[in-house]
Amino acid sequence: MLTLARQQQRQNIRWLLCLSVLMLLALLLSLCAGEQWISPGDWFSPRGELFVWQIRLPRTLAVLLVGAALAISGAVMQALFENPLAEPGLLGVSNGAGVGLIAAVLLGQGQLPNWALGLCAIAGALIITLILLRFARRHLSTSRLLLAGVALGIICSALMTWAIYFSTSVDLRQLMYWMMGGFGGVDWRQSWLMLALIPVLLWICCQSRPMNMLALGEISARQLGLPLWFWRNVLVAATGWMVGVSVALAGAIGFIGLVIPHILRLCGLTDHRVLLPGCALAGASALLLADIVARLALAAAELPIGVVTATLGAPVFIWLLLKARR
């Protein structure tokens, strides 16, 4: 028994090391790749100081943090709702952030600065999260709370569609591109959004014990003495914050939170002591690679990264759906 535990521990360490190396390679490639390839030896040249340190580095850090946040949010939601198909957009938080952004553009008549739009997007996400917490305080089952999130997402999506469809504002039409996800406008001015993700990411990665209990199911978690109501509220709020900040930073990006945790579980990373940091590393790597594809796929334009993740993630989602039906 002890030998099996040690073998599993060594395997988990190998996985984390491999994912760390993959993330570092993706980070290095992201800094080098672009319209002009800049090798590490040229990073401190005048050209490198402009393209690498002022343009590519803030974008790369944003992609890394958003990918980690979305993947960890997916792992938390899948444990919280006991559903392998749960993902960050499922609770309607992403669409809530979109509604907040559209409301800011309408009320500000396109004159608000980018940081104000970001705050409004976070506020929209947190409002949806507070509504979900109201449902959670009624001690609803996870399935009903999940359905409440789906309903809120549909309502927010309808509000965004109505606002954009009847708008003559160029800014609102450009929001459709923003909602498809993209890091094209990210620079050091958005560093406060990046910093807002780091404390919550680190905190959730340290909560493996309650996450392991939640993964056993509500009844088992209660029997083990876990204050279920408290942890459900805290985790929903933390997920809402991470998704809201991610949407404010890069728009709506799907499938990272769905695919990454499930693939890692299939690889044997079921213990949240390993799964949570593994999701952070794998999510960051996957989104970095998707961002590189979005930048290089077209010569004269940049693909929305949400299109890339949807193209790669949709077949996996269908496979998971068919597997769940069995």
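From the backbone N, Cα and C atoms, a Cβ is placed for every residue, glycine too.
Database features, via Swiss-Prot:
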- 15-35: transmembrane segment (TRANSMEM)
- 61-81: transmembrane segment (TRANSMEM)
- 88-108: transmembrane segment (TRANSMEM)
- 112-132: transmembrane segment (TRANSMEM)
- 146-166: transmembrane segment (TRANSMEM)
- 184-204: transmembrane segment (TRANSMEM)
- 240-260: transmembrane segment (TRANSMEM)
- 274-294: transmembrane segment (TRANSMEM)
- 302-322: transmembrane segment (TRANSMEM)
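Stretch with the largest number of CB pairs closer than 8 A to the transmembrane segment (274-294), among 61-81, 88-108, 112-132: 61-81.
Remote same-chain partners of the transmembrane segment (88-108), defined as residues 6 or more beyond its termini with a Cβ less than 8 Å from a stretch Cβ, comprise 70, 73-74, 77, 116-117, 120-125, 127-129, 132, 146, 149-157, 159-160, 163-164, 167, 169, 171-172, 175, 178-179, 236, 239-240, 242-244, 246-248, 252, 254, 257. Of the ranges 61-81, 112-132, 146-166, 302-322, the one with the most Cβ pairs under 8 Å to the transmembrane segment (240-260) is 61-81. With a cut-off of 8 Å between Cβ atoms, the residues of this chain six or more beyond the transmembrane segment (61-81) that come close are 23, 27, 30, 87-88, 90-91, 142-143, 145-146, 183, 186, 190, 193-194, 197-198, 200-201, 204-205, 211, 214-215, 232, 235-236, 238-239, 242-243, 245-246, 249-250, 253, 256-258, 260-262, 272, 275-276, 279-288, 291.
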